[in-house]
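These features come from Swiss-Prot:
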DOMAIN    2-55  domain 'ClpX-type ZB'
BINDING   Cys14, Cys17, Cys36, Cys39  Zn(2+) binding site
BINDING   Pro118, Thr119, Gly120, Ser121, Gly122, Lys123, Thr124, Leu125  ATP binding site
Amino acid sequence: MNNKSSDSKNTLYCSFCGKSQHEVRKLIAGPTVFICDECVELCMDIIREEHKTHLVKSRDGVPTPKEICKVLDDYVIGQFYAKKVLSVAVHNHYKRLAHSQKNNDVEIAKSNILLVGPTGSGKTLLAQTLARILDVPFTMADATTLTEAGYVGEDVENIILKLLQAADYNVERAQRGIVYIDEIDKISRKSDNPSITRDVSGEGVQQALLKIMEGTVASVPPQGGRKHPQQEFLQVDTTNMLFICGGAFAGLDKIISARGKGSGIGFGADVQSPDERRTGAILRDVEPEDLLKFGLIPEFIGRLPVVATLEDLDEAALIEILTKPKNALVKQYARLFQMEGVKLTFTDDALKQVALRAIARRTGARGLRAIMESILLSTMFDLPGLENVDEVVINKDVAESKTSPVYVYGKEKPAEQSA
């Protein structure tokens, strides 16, 4: 008993989380306090997050494009061209706002952006990351929910209302904000030929978006919708708002290919089958006429002068997405297994196989979670009922669904046993 009490007296504890020296890997001693490695790591994460939210400013007090791009790099893998376009656009937006109060002969117009890229290439993630790091009001809207005024659905003014809410109803701040409209390709005109039926969720929405994207004084109901007819409307000027629109534009690559260089004939012709060029490579050749054929009206295309295309994610990029970001999928599943007291290990060959399966599905990064779920489903089903499992190893054969994962047991059971 005396030995136990003396041991407990000699045991050191973290002054922050209270864990003992036996529960952590490292305990660092100060003059009168101790801190464990887990608390140090947590403090570093907090410092990094605060550093990212305070971007380096240029001479005019405007975030530099390189600094914005660097922060985007921490969250989004690849897509350097799209990051470059977004960084410059946001930088110029800040500059316009910084100089808008000065009396200048030249009025700088805003350059709204259209992001075009295959599904799962990172369009929405880029916008979400911008929202995290910017110090101007930012809102995201879904174009699929919008309808023309007078029909069931959301009015375009609701987008301005969301921005107003993001600015805590400060109209001055909201007027200098950034709006991201996702799934913009879903409001394309349903047919090249005018129809006798009204297209309230397609061309009608494009027409309604024109004025707020160009710059107008919108009347916004503070409580939203039409349920409160007696409410007073807020007047919001959209002239200084930056609009970023994004969409997958499924089928646009076929329109571009059809317009393209045509079918070459003769010995010197450069003949390439459509399958040889990936969707992202074809989308790089997009022209306004292609967007017109897709179903966007000319006036709407004119409001989006900057078009940035995103690439298909290759094998190396998908492997980085699996492992590199702070919330990478491998880290997420490793944490789930850690809750069971088990270490989860993926071999390099296994990660490569997961990336190849995602490429074959043509779903980009979005398909990675479904593949990981299918690989780990049986293991996650069996593991809570197993005892003394130290580690689960996922190799190439497991990733190809040829064999079951390898279970590494503790001392009580043989390590070579597998399920």
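From the backbone N, Cα and C atoms, a Cβ is placed for every residue, glycine too.
This view paints the features noted in Swiss-Prot onto the structure.
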residue	record	Cβ within 10 Å
Cys14	Zn(2+) binding site	21
Cys17	Zn(2+) binding site	13
Cys36	Zn(2+) binding site	24
Pro118	ATP binding site	24
Thr119	ATP binding site	16
Gly120	ATP binding site	23
Gly122	ATP binding site	29
Lys123	ATP binding site	27
Thr124	ATP binding site	16
Leu125	ATP binding site	19
* To do: Please tell me which one of the binding-site residues listed here (Gly120, Lys123, Leu125) sits closest to Cys14 (Zn(2+) binding site), measuring Cα to Cα?
  => Leu125
* To do: Taking the Cβ of Cys39 (Zn(2+) binding site) as the centre, count every other Cβ atom within 10 Å, in any protein chain shown.
  => 18
* Helix, strand or coil: which one is Cys36 (Zn(2+) binding site) in, per DSSP? -> strand
* Asked: Which chain neighbours of the Zn(2+) site, leaving out Cys14, Cys17, Cys36, Cys39, have a Cβ atom within 8 Å of the mean position of the site's Cβ atoms?
  -> Ser15, Phe16, Gly18, Lys19, Val24, Leu27, Phe34, Ile35, Asp37, Glu38, Val40
* What is the Cβ neighbour count of Ser121 (ATP binding site) at a 10 Å cut-off, with all protein chains included? -> 29
* Structure fact -> Cα nearest Ser121 (ATP binding site) among binding-site residues (Cys17, Cys36, Cys39) -> Cys39
* By CA-CA distance, flag whichever of Cys17, Cys36, Cys39 among the binding-site residues is nearest to Gly120 (ATP binding site). => Cys39
* To do: Find the shortest Cα-Cα separation between Thr124 (ATP binding site) and the binding-site residues Cys17, Cys36, Cys39, and name the residue that gives it.
  => Cys39
* Asked: Other than Pro118, Thr119, Gly120, Ser121, Gly122, Lys123, Thr124, Leu125, which residues of the chain come within 8 Å of the ATP site, judged by Cβ distance to the Cβ centroid of those residues?
  -> Gly117, Ala248, Leu310, Gly364, Ala365, Arg366
* Structure fact -> In this predicted model, the domain 'ClpX-type ZB' (2-55) has a mean pLDDT of 76
